[in-house]
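*Asks:* Summarising the annotation, Swiss-Prot assigns ATP binding site to 13-18, ASP55, 112-115, 172-173, 201-203, GLN208 and lists sequence analysis as the type of evidence. Summarising the annotation, Swiss-Prot assigns Mg(2+) binding site to THR17, ASP55, GLU112. According to Swiss-Prot, the feature active site maps to LYS38.
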Amino acid sequence: MLKRFFITGTDTSVGKTVVSRALLQALASSGKSVAGYKPVAKGSKETAEGMRNKDALVLQSVSSLELPYEAINPIALSEEESSVAHSCPINYTLLSNGLASLSDKVDHVVVEGTGGWRSLMNDLRPLSEWVVQEQLPVLMVVGIQEGCINHALLTAQAVANDGLPLIGWVANRINPGLAHYAEIIDVLGKKLPAPLIGELPYLPRAEQRELGQYIRLSMLGSVLAVDRIMA
């Protein structure tokens, strides 16, 4: 059984967190135990409990087990620390150990990335290098907006060039007024080398909703049944 997935996006703010939430909820509804994992979270805020990131808290809220925050988000960076101009080395061993620990506890771990596939960490390395090291299959979130076809095709090509399998994509309608939505979905369906596994409509406060019904796990049926996928 394939245990771990990495969620990337065509850009920043395209809905990786709400899609991760939807996938976690869909898997949980199918009877699986799940955990969300946000290895590096930028723009975190200081709280009485320590540094916290709103996206990581969403993942924590839909995980099957009651896990400490640090198990969901081992590296929480403040707004200042998130800048590539701020030298803050990333402990990739810590990220790997955290992922391994979660993988031992649940059936599936949904790993949410930071920014897009080539978004740089503070050490000027993309998180995708760690994803390649961990050999995680990739699900892509496409924020449906002007220019998203180009961004989606470039992201899919970059994932393939890195030797990882793109096992599916999710359309997230982030612009309710966008014309030609259906045509964009049709073109992406024809051009992307992976199946469309879900469409999320535009929903206010989506991070607080039940979203599992928008994910078609049947499109991942054969993928979920194997231990590893080759690109």
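Quick reminder: no glycine exception, Cβ is built from N, Cα and C everywhere.
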*Asks:* Through the lens of DSSP with three states only, how would you label LEU203 (ATP binding site)?
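*Replies:* The three-state answer is coil.
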*Asks:* In Å, rounded, how far does the Cα of ARG173 (ATP binding site) sit from the Cα of GLU112 (Mg(2+) binding site)?
*Replies:* 19
*Asks:* Using an 8 Å cut-off from the Cβ centroid of THR17, ASP55, GLU112, can you name the remaining same-chain residues around the Mg(2+) site, in sequence order?
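*Replies:* For the Mg(2+) site the neighbour list reads ILE7, LYS16, VAL18, SER20, ARG21, GLY36, LYS38, ALA41, ALA56, VAL58, LEU59.
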*Asks:* Counting other Cβ atoms within 10 Å of each residue's Cβ, which of the recorded positions LYS16, LYS38, ARG173 comes out lowest?
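*Replies:* Across LYS16, LYS38, ARG173, these recorded positions, the one with fewest Cβ atoms within 10 Å is ARG173.
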*Asks:* In sequence order, what residues of the same chain, 6+ apart, have a Cβ less than 8 Å from the Cβ of SER13 (ATP binding site)?
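*Replies:* Looking at Cβ-Cβ distances below 8 Å from SER13 (ATP binding site), excluding near sequence neighbours, one finds GLY143, ILE174.
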